[in-house]
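Features as listed in TrEMBL:
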type     : residues            : note
ACT_SITE : B:54                : active site, proton donor
BINDING  : B:52, B:78, B:87    : Zn(2+) binding site
BINDING  : B:157, B:198, B:202 : NADP(+) binding site
BINDING  : B:186, B:206, B:288 : substrate binding site
DOMAIN   : B:3-126             : domain 'CMP/dCMP-type deaminase'
């Protein structure tokens with residue numbers, strides 16, 4: 001059984017989740033204003049650039065309603081001016097008497113400062129209510145600010161005999177339901193990454209099925225510059241940004257349209273790529289292959305999650321193998337989801 | 001919505017299933033006696049050697065109750081004397097006026113003869129009620145009598161990187177729930193088969209967790225006779241019969257205890273082994289490896305079903321690969337079952 005604080009916070013978390021796919025580099029946040037045991041208003045951060053959850057809820061109420069009320073918010077209120085004025089000031093001005101918080105914001109500009117400000121104005125602050133649940137909302141955002149590296153999820157599609165494609169051919173191994181799931185889950189990430197062979201063979205668009213103001217950036221790792229002068233979907237359509245990472249200066253000089261950005265690598269290592277992406281505030285990446293790129297991510301312990309779609313089929317040994325690794329790893333708390341004839345297996349990677 | 005006949009037959013099918021694990025080479029059969037729309041008795045074939053389902057139900061009723069009643073039976077009543085006298089005679093003597101049958105018995109001694117006998121005594125016979133459902137009860141028995149070959153199910157346990165073991169080492173890849181499931185599903189087969197390497201490396205007992213009068217025969221394919229003078233569980237314990245198939249005459253001359261039977265192969269082919277097993281009335285085999293044996297079964301199109309247990313782990317490339325095949329195959333209507341951290345994927349094999 002949840003206590004009262006947890007019940008109201010669960011409602012705030014539920015509100016927060018309505019912002020899914022649309023808060024971009026911002027976290028999903030939800031807020032609930034309660035007085036005399038009754039919910040007066042709920043709010044959430046609708047999308048990047050919009051007002052914060054606290055303001056969304058508070059703006060629905062009169063000063064009289066807000067006076068002496070309690071605010072439940074899934075993430076520590078900010079105390080700095082970004083796209084929006086600080087929420088801490090708004091809470092103080094609203095004469096809210098108590099603030100209940102799930103998660104301390106891991107963003108260095110915020111951490112602890114919002115709480116300190118509120119307490120200095122004699123507002124009672126309670127923390128640690130449904131913290132794990134609230135953290136799950138923003139696992140990419142949290143990971144990014146805690147580790148100063150993007151959260152990496154690897155996705156592969158395999159047959160039961162561990163094959164992923166035929167040489168030089170585009171192949172859709174799994175069925176429609178898995179296809180739709182992939183196009184939906186792409187929208188949870190800020191970027192999608194593939195290697196140059198996958199770009200050349202599959203010529204994918206790497207778009208999502210979710211309408212987004214900020215669709216995931218399409219990243220191709222192309223050290224040698226094999227994509228130069230190639231007619232590929234993600235170089236010609238501008239439905240999402242395309243970023244190329246290369247050591248070939250011809251690519252950096254090529255007159256690409258504005259949706260394409262070329263980054264020149266020095267060492268060419270995956271770690272260098274991720275550092276550049278961190279500097280560009282890319283918090284999460286969905287890596288779709290090929291096998292060599294996946295292998296490198298795991299062998300350098302840079303990936304956090306693995307999703308494997310299995311199709312109940314054997315492609316036979318003319319087909320190419322999925323990636324193999326030297327060491328062994330486990331998936332923590334694996335999740336299984338049946339999608340028509342296929343199955344999706346996902347879990348956090350435990351580097352044993 | 002089921003009609004009346006289907007409703008009573010569903011009850012008969014449910015009764016039949018109570019004999020699971022215990023009817024050995026006999027099919028599971030259920031029977032229901034109905035009069036004036038009311039169920040008077042149910043019965044089933046409890047275990048090999050016991051009375052048939054029809055007699056089990058009929059014996060619970062008086063001649064008065066049976067007079068003019070309807071008998072629902074999942075399989076065509078027999079008309080020959082085996083371990084038990086013919087059911088057709090009993091039905092006629094009971095003055096039952098109508099018999100409803102799901103499945104015509106594929107066993108050559110029975111097919112059509114029971115129905116013919118009943119009709120010749122002016123008993124009304126209805127067939128084709130819930131036939132598919134009834135056939136599912138005895139898919140091994142049906143396959144055996146339709147194809148004159150045992151029904152073969154291959155079972156493998158794999159990691160996500162398609163590894164099945166480390167060289168020369170016994171390895172339990174999957175967890176407790178999968179282990180228990182395997183020990184239960186073994187009991188659905190009349191035999192369990194492994195290759196000699198699996199016997200030598202794993203030294204398995206190949207027993208079931210179900211108490212059975214006729215536990216599955218433990219079959220080892222040992223063409224070269226590598227098991228000679230080896231101290232293995234299935235050669236020393238007599239909890240179930242052990243059958244060795246070999247081309248090595250030393251094995252045939254070895255003074256094994258009575259639970260062990262040695263078969264001398266001529267060509268040594270898998271087909272020859274299966275023919276010998278067919279002659280010995282082995283209707284179904286659960287094949288547990290190793291990979292080479294599985295591969296042969298599939299490449300010779302001798303296997304009907306594949307069960308793969310996946311553990312959410314990568315063993316790394318020091319481990320040995322699961323079997324690969326030349327051609328491609330699909331699983332028809334795959335079934336997925338989560339067992340703790342592992343997943344069981346099963347389906348009938350479609351040789352495309």
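Including glycine, each Cβ sits where the backbone N, Cα and C put it.
Note that this is a predicted model, so its numbers are computed, not measured.
Here the domain 'CMP/dCMP-type deaminase' (B:3-126) has, by DSSP, the following mix of helix, strand and coil residues: 41 helix, 28 strand, 55 coil. For residue B:202 (NADP(+) binding site), the same-chain residues 6+ apart in sequence whose C-beta sits under 8 angstroms from its C-beta are B:170, B:194. If you take the CA of residue B:198 (NADP(+) binding site) and look 10 A around it, the recorded positions you hit from B:54, B:78, B:87, B:186, B:206, B:288 are B:288.
There are 23 other CB atoms within 10 A of the CB of residue B:186 (substrate binding site), with all protein chains counted. Considering only the recorded positions B:54, B:157, B:206, B:288, residue B:78 (Zn(2+) binding site) has B:54 as its nearest partner by CA-CA distance. Applying an 8 A CB threshold to same-chain residues 6+ apart, the list for residue B:54 (active site, proton donor) reads B:29, B:31, B:43, B:71, B:73, B:77, B:87, B:90, B:91. Separation of the C-alpha atoms of residue B:52 (Zn(2+) binding site) and residue B:206 (substrate binding site): 30 Å, rounded to the nearest whole number.
Residue B:157 (NADP(+) binding site) and residue B:206 (substrate binding site) are 15 Å apart (CA-CA, integer value). A distance of 14 Å separates the Cα atom of residue B:186 (substrate binding site) from that of residue B:157 (NADP(+) binding site).
In the predicted model, the domain 'CMP/dCMP-type deaminase' (B:3-126) has a mean pLDDT of 96.
Secondary structure at residue B:206 (substrate binding site), taken from DSSP and collapsed to helix, strand or coil, is coil. Each residue contributes its Cα atom, and for residue B:157 (NADP(+) binding site) and residue B:288 (substrate binding site) those atoms are 9 Å apart.
Taking the mean position of the Cβ atoms of B:186, B:206, B:288 as the substrate site, the remaining same-chain residues with a Cβ inside 8 Å of that point are B:155, B:182, B:192, B:194, B:204, B:207, B:208, B:216, B:218, B:286.
Remark: residue B:288 (substrate binding site) has B:155, B:192, B:193, B:194, B:198, B:204, B:206 as non-local neighbours, by Cβ distance under 8 Å and separation of at least 6 in sequence.
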